[in-house]
Amino acid sequence: MSEKKAISYVILSSLIWSTSFPAVKLGLSYLSPITFIFFRFLLGTLFYVILFFFLEKNFNTYIFKEKSIYLLGTLTFLSYIFQYLGQQYTLASRTALIINLFVIWVPILAIIFLKEKPSRRLLFSFAFLLPGMFLLTTGKNVKEVFHSQIMLGDVIVLLASFCWAFYVIISKSLLKKYNSHEVNMVTFGITALLSLPTFLILDNGTQMIFNWKSLLLVVHLALNCTVIAYYLYVTGLKHAGAIKTTFFVSLEVLFSFIVAVIFLGEKWEPLELVGGAMMLLAVALAV
């Protein structure tokens, strides 16, 4: 696969992931965040097993002997737990900003562990991407971000950001020996297993509303935002550098705002428009 095609896979995955934000926002009126995580990865694993056997792919069982695959599943589980837990104790704008700091951590880790060398053009693009992302995620609450004290939630969400960064690095390493189907299917299964005790303990007694709307949202998260999006992203990561794929997957922030305008009726503030324009400029420079 060419690098351009790999990048197109990553951009498409970020577009699909952007729809998860309004889906979760709507779904939280029916189910708790932990319930979403559990059913998302449980159904995602089942969907992937069916897809895998339908495609008649050979499965390399040696992946179960890789310690890093269990670490990958644990990081995926922790990243969602930290994100959902942390956002309850900090500002929404801070959550979005801190989570996306993985765009900074990944290049640093990729240079250290993967020996990647980003081009000057890509590094120059980051000079527009990072401030653009900042304005886009904090446009409505810039004063709050700077003038409010550091909260416990900030630290917890920062842990989620680190988890995502190490997820990218470990995935890239595993993809040198295994295909994206094998890595994803085992990772989802481990995440679902780790979610089960958390779901049973923390959600014990929590009211859950299962109807066609909540079921449709869970299926969307499991099939589209987990199976399809992760397949596209991990396949793109396999054929392109960790730094470059991280750059383009950050477009999820921009797509999320566009989706929110279309489906939730939200309006853009002037600073958000400036941030979005800067991110588009960064992409134009990087391509």
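Cβ atoms here come from the backbone N, Cα and C positions, even for glycine.
Unlike curated records, TrEMBL annotations are generated automatically.
Look at the domain 'EamA' (5-137): DSSP puts its residues at 112 helix, 0 strand, 21 coil. The annotation domain 'EamA' is assigned in TrEMBL to 5-137 (among others).
Residues or ranges marked as transmembrane segment by TrEMBL: 7-24 (among others).
Annotation source TrEMBL lists transmembrane segment at 30-55 (among others).
With a cut-off of 8 Å between Cβ atoms, the residues of this chain six or more beyond the transmembrane segment (67-85) that come close are 33-34, 37, 41, 95, 99, 153, 156-157, 159-160, 163-164, 166-167, 170-171, 173-174, 183, 186-191, 193-195, 198. Per TrEMBL, transmembrane segment is recorded for 67-85 (among others).
Residues or ranges marked as transmembrane segment in TrEMBL: 91-114 (among others).
TrEMBL lists 121-138 (among others) with the feature transmembrane segment.
For 150-170 (among others), the entry in TrEMBL reads transmembrane segment.
DSSP places the residues of the domain 'EamA' (152-286) in helix, strand and coil in these numbers: 113 helix, 0 strand, 22 coil. The domain 'EamA' annotation in TrEMBL covers 152-286 (among others).
TrEMBL lists 182-202 (among others) with the feature transmembrane segment. With a threshold of 8 Å between CB atoms, the same-chain residues lying at least 6 positions outside the transmembrane segment (182-202) that come near it are 34-35, 37-38, 41-42, 44-45, 48-49, 52, 59-60, 63-64, 69-70, 72-74, 76-77, 80-81, 171, 174-175, 226-227, 230-231, 234.
Here TrEMBL flags 214-233 (among others) as transmembrane segment.
According to TrEMBL, the transmembrane segment annotation covers 245-264 (among others). Same-chain residues lying 6+ beyond the ends of the transmembrane segment (245-264) with a Cβ under 8 Å from its Cβ atoms: 6-7, 10-11, 13-15, 17-19, 21-22, 25, 96, 100, 102-103, 106-107, 110, 122, 125-126, 129, 133, 136-137, 168, 233, 236-237, 272, 276, 279-280, 282-283, 286.
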Exercise for the section: Pop the mean pLDDT for the domain 'EamA' (5-137) in here, whole number is fine. Expected result: 85
Handout entry: Range from 30-55, 91-114, 150-170, 214-233 with the greatest count of C-beta pairs under 8 A to the transmembrane segment (7-24)
Key = 214-233
Fill in the blank from the handout: Within the same chain, the residues 6 or more beyond the ends of the transmembrane segment (214-233) and with Cβ under 8 Å of it are 9-10, 12-14, 16-17, 19-20, 23-24, 26-27, 30-31, 36, 39-44, 47-48, 51, 180-181, 184, 188, 245, 249
